[in-house]
2 protein chains.
Amino acid sequence: MLILHSPLDMHVHLRQGDMLALVAPHTARDFVAAVVMPNLTPPVTELTQVLDYREKILRVAGESFSPLMTLFFKSYSRDELLAARPHIIGLKLYPAGMTTNSEAGLADMRQAHATLAIMEELDIPLLIHGEGCGFVMDREAVFLPVVAEWARSFPRLRIVLEHVTTRAGVELLDRFDNLFATVTLHHLLITLDDVLGGLMRPHLFCKPVAKRPEDRDALRQAALHHPRAFFGSDTAPHPITAKEAPGCAAGIFSAPVALPALAGLFEELDALDLLQAFVSDRARAAYGLTPMAREVRLERRAWTVPERFGSVVPYLAGQTLAWQVVN
Amino acid sequence: MLILHSPLDMHVHLRQGDMLALVAPHTARDFVAAVVMPNLTPPVTELTQVLDYREKILRVAGESFSPLMTLFFKSYSRDELLAARPHIIGLKLYPAGMTTNSEAGLADMRQAHATLAIMEELDIPLLIHGEGCGFVMDREAVFLPVVAEWARSFPRLRIVLEHVTTRAGVELLDRFDNLFATVTLHHLLITLDDVLGGLMRPHLFCKPVAKRPEDRDALRQAALHHPRAFFGSDTAPHPITAKEAPGCAAGIFSAPVALPALAGLFEELDALDLLQAFVSDRARAAYGLTPMAREVRLERRAWTVPERFGSVVPYLAGQTLAWQVVN
């Protein structure tokens, strides 16, 4: 038996409508709170949208789960951010065009400065999809200088490099005390080899794309030991028709398997005792959170992941995991 | 009007059965001869299979096309190779497991030496799928030392590095006069960015996978100017059900668009005058071929590539090309 105290998923895509109803209960079952990304259509840029979206999530996720809401980064006034602050955990910045529904994102990083200064003053964290333009395997690396400049220019602004995928990204954490990172489950498990080294696997396609073995090694070290690296699944469901298609959408639906698969990995790495820190304690410290107290229990008992949840193929579909959630 | 004299496709997969009947006429229409890969199920390792396969190809491809047959590389006796020599253009070596139907390939490269010595003596070329084990983006690079060792150890053995994808592969050509390379259409046009930099594109998935922009630049330079680089499409059809699937098969069906797309690219590179060398002359010199005399004519007239040929989605499906074949 493994007991996790108030596990947190610091990066989820809960979508809208029927998909929200399908996927949110999986996150709500295994986590007491989750950071909800704002890349809807249209993006969540108004406080009224935040409150409305939060309401809709609570309706399907139940009372034992707290959605931690975000605003889509754009230029905001001090008054706007002051009004939003009690209702959000941070602002999520997407460089334009880098992932699903990010077309409204930022095209010129210099335009961010005024809003970043207000966020620093109001102590509102910045969550970044850290990819710039360029060749797909280099996009995180080419964006890191922007992250470094902001971390240096705004030393009291907490910056979270979301779904870090590279050794260079992990190494940047050591240069700035105000820099944090989320690490996904799938980037701890796969490399580009799994995506297209054999047959090509649309259900392993995500953004940022999985990188090299040495990058995965660095992510694993960070997940185990880095005080400012914590779990964010980036669970990102798409219907099977959008995945097994001539243009396959980016995203891996990992919510139903996140804790069991993490337990399996940490056990394999002989580090089960570090899982609590990775899935809860470090995020609490980073954000100054006091999540509701709830225990999530896992048993070391074989569990075969279903091939589908509704229209969505989950990560690790059909595979048998050593652990399962038994609440 | 662009007239190509006896164009040659020095690397094709014509498959078997219904697929053979569907795809071979496309190659036969635009090329006077093509090097036919032997990775069938089971692989073509016997002279009787070569003759039988050749017969089947001729039945669907017509009289104005010559299939240039290959044997699947394994250990062969001198007598076997002597008997096969009049009927084949070379032996194709697949490291085990690197692409479609290559499970019977070579696992230990040192086992090749005795057969390579016989091939050198009998002047039978070696065609190589040049990928070793390791991370998918490194597989060609890690295999090049093997190619270099063989080129050095067997200086009179002609070696063709098939579907070269990297700058390092191109550079190796300059070190050995007995080393040649085929270059595909798609590796001249796409990089990994096209495969999964936006949405993921199963119809652009092939082995070796498309590499980096600087690799593509090197391939383009070789296609234009290197006297030992020539065209081999690696046209490799799969039914749509094997492409838009949870495990997408590797291969791009480029036969119907190869010459029009090459004409468009060479025109864009202001090098239309070099296309004849790339699609015929250099391969003739490399192999000492005297192909049948036939002109293939292209006109600069817009042509929209069909979305399907039977069960197969062609490369550039739905796109409008500037050139078309008008025989």
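Quick reminder: no glycine exception, Cβ is built from N, Cα and C everywhere.
Keep in mind that TrEMBL annotations are predicted by a computer and have not been checked by a curator.
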Report the candidate from B:Asp215, B:Asp217, B:Asp234, B:Asp270 that shares the Zn(2+) 1 site with B:His11, B:His13, B:Lys92, as recorded in TrEMBL.
B:Asp234
B:His129, B:His203: which one does TrEMBL list with B:Lys92, B:His163 for the Zn(2+) 2 site?
B:His129
May I ask you to find which of B:Ala141, B:Ala229, B:Ala250 TrEMBL records for the substrate site already listed with B:His13, B:Leu14, B:Arg15, B:Asn39, B:His129, B:His238?
B:Ala250
When each of the binding-site residues B:His11, B:Asn39, B:His163, B:Asp234, B:Ala250 is checked against chain A, which show a C-beta distance below 8 angstroms?
B:Ala250
Can you grab the distance from B:His11 (Zn(2+) 1 binding site) over to B:His163 (Zn(2+) 2 binding site)? Cα atoms, rounded to a whole Å.
8
Helix, strand or coil at B:His11 (Zn(2+) 1 binding site), per DSSP?
strand
Three-state secondary structure, B:Asp234 (Zn(2+) 1 binding site) (per DSSP):
coil
What's the CA to CA span in angstrom from B:Arg15 (substrate binding site) over to B:His163 (Zn(2+) 2 binding site)?
18
B:Asp234 (Zn(2+) 1 binding site) as reference: those binding-site residues from B:Asn39, B:His163, B:Ala250 with C-alpha within 10 Å of it:
B:His163
